[in-house]
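Participant: Below are the structure tokens for one structure; questions will follow.
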Amino acid sequence: MIETTTLRFSHGDTTVLDGVDFTAETGDVTVLFGRNGAGKSTLLRHFNGLLEPDAGTVSVGGTPIAYDDDSLTELRLRVGLIFQNPDDQLVAPTVQQDIAFGPRNAGIEDTDRIEDVVSTFDLSEQAERLCNTLSGGEKKRVSLAGVLAMDPEYVLLDEPTAGLDGAGCRTIVEFVSSLAADGITTVIATHDVGFGLTVADTVTVLEDGVIDYRGDTLSQSLAAEYDLRSYVFDDWSDVSVE
């Protein structure tokens with residue numbers, strides 16, 4: 001479980017999160033909706049200690065986050081974060097090196113797992129390619145593979161479908177479905193309501209730094225009130241809506 005209690009965070013004079021009480025149940029896919037600037041990405045970055053709150057607590061697995069270097073290193077082995085821009089994720093020259101970077105940096109030498117992850121994301125033929133020669137969709141797959149190679153307990157995704165076409169978005173849906181099948185607690189920040197409702201077990205809407213709605217689905221009329229749109233999956237026939 002990931003949980004926050006009266007979480008507050010400001011950037012300069014601007015209050016970004018204002019007393020947020022949030023829960024992501026163990027094994028669930030929790031989708032965090034909100035328009036641009038609502039505070040979604042800021043909240044997500046608190047879950048693996050990239051940001052420290054001004055007030056309130058963040059707990060992962062029932063334990064409040066400690067912000068010393070050793071504790072944060074251990075936390076980030078358990079909680080993988082996939083950034084919106086895959087270029088922020090890629091840290092090594094080639095595909096294979098990038099996917100293996102996280103485990104090796106943590107002292108984990110598991111060649112079989114790395115090879116399995118490379119194969120899972122259909123990257124075997126591109127393993128020696130330079131990351132800076134990849135397309136946006138290919139970079140996204142490498143960033144997903146790099147996080148999965150860490151064998152995390154929790155996965156956080158920030159706007160994972162941004163800039164992707166339909167095929168790329170389906171890759172993300174399949175990835176999230178595989179996380180759910182493996183019982184990995186997943187939190188996704190997005191303003192793409194079609195994608196979000198396709199994968200969500202539970203839904204939270206963040207509005208102006210506060211949680212404005214919780215539920216297991218979201219009606220189209222309510223989505224419109226929050227200015228949420230479906231950018232790729234125009235047909236909602238397979239999506240549970242009220």
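The backbone N, Cα and C atoms fix where each Cβ goes, glycine too.
Straight from Swiss-Prot, here's the annotation block:
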- Gly34, Arg35, Asn36, Gly37, Ala38, Gly39, Lys40, Ser41: ATP binding site (BINDING)
- 2-233: domain 'ABC transporter' (DOMAIN)
Participant: Mind telling me which of the binding-site residues Gly34, Gly37 has the densest Cβ neighbourhood, counting other Cβ atoms within 10 Å?
Facilitator: Gly34
Participant: Near Asn36 (ATP binding site), which residues of its own chain have a C-beta under 8 A away, given they sit six or more steps off in sequence?
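Facilitator: Asn36 (ATP binding site) has long-range Cβ partners His191.
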Participant: Specify the count of other C-beta atoms within 10 Å of the C-beta of Arg35 (ATP binding site).
Facilitator: 15
Participant: Should Gly39 (ATP binding site) be counted as helix, strand, or coil on the basis of DSSP?
Facilitator: coil
Participant: For the ATP site (Gly34, Arg35, Asn36, Gly37, Ala38, Gly39, Lys40, Ser41), what does the 8 A shell look like? I mean other same-chain residues with CB within 8 A of the CB centroid.
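Facilitator: Sorted by sequence, the hits are Ala189, His191, Leu206.
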Participant: Using a 10 Å radius around its CB, how many other CB atoms surround Lys40 (ATP binding site)?
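Facilitator: Neighbour count, Cβ to Cβ under the 10 Å cut-off: 23.
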Participant: Using all protein chains in view, find how many other C-beta atoms are within 10 Å of the C-beta of Ser41 (ATP binding site).
Facilitator: 19
